[in-house]
């Protein structure tokens, strides 16, 4: 067998692996999407944000299903009906089916990236400055994605053309850079809040594990990891890019669905809980500092009742022990607020 034939066989195998992975991961996404829609519809209180998230989930489901159906038909044509060499067939981009498949795929990435920017905005307590760079990267990804779709629709367009490779590389670099940046910012923020809250209570292995899982889910780390692996494969045009492309197409839907599921179940970080976690930590630290100052300044037999009214009121704001054993942290705040915030 010549080296050319071995290369063609490798391309065929990688394309087949992509079809199998696409089917398996779409099945996972289908279950997640159904669960998300079920819990979003089940919630009695319907706010505007919940309606937007429900609409977002449905639109993403339509796009993901459209991509899966078109990719399945593509695989059937590739392995059953096409009389062309599989290695050549995989590079063809200008057919109607290929254009439809790529449009679903690219639009879904834009949608997933927009949700990640929104989650970054929420986790950072509504900070506008923190999302400026991600928004610029998202605009760049949309622009290069449109250019990529336009160029792939041209007659005789193939995957190995220089302009296609350049636009494809630029699109994925911008999208994945956005995901890496937002992943680091979200994970860093959640980990910081987790460390703050952990310093106020006894260590717990369960708390550590659940916090790590929450950080991974909220930051959409799965997509970022796949993206880092994918970019070098695209630049060098290696056959392994085919199954990774299928994984990215699925993780583009799975990662946002995991975040939406946490929102539907009421366990995701919100602007309110993110702010409360930081506020409670500061109040509790204030109480500890006030207690330490009182202990140094007091004489034998003196109690906190002898303190000034302002200092006494600060001491009464919160009690670290009661905060974690059913006591009141501060009017309106509870231990559930802390648990849901981190």
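Every residue gets a Cβ built from N, Cα and C, even glycine.
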Among ranges 92-115, 212-235, whichever one TrEMBL labels transmembrane segment: 212-235
Spatial neighbours of the transmembrane segment (242-265) far in sequence, C-beta under 8 Å, 6+ residues away: 11, 14-15, 17-19, 21-22, 25-26, 28-29, 32-33, 35-36, 39-40, 43, 53, 56-57, 60-61, 63-64, 67, 71, 90, 105, 108-109, 111-112, 115-116, 119, 214, 217-218, 220, 222-223, 226-227, 229-230, 233
Cβ-based contact of the transmembrane segment (53-74) with the transmembrane segment (16-41), 3 or more pairs under 8 Å: yes
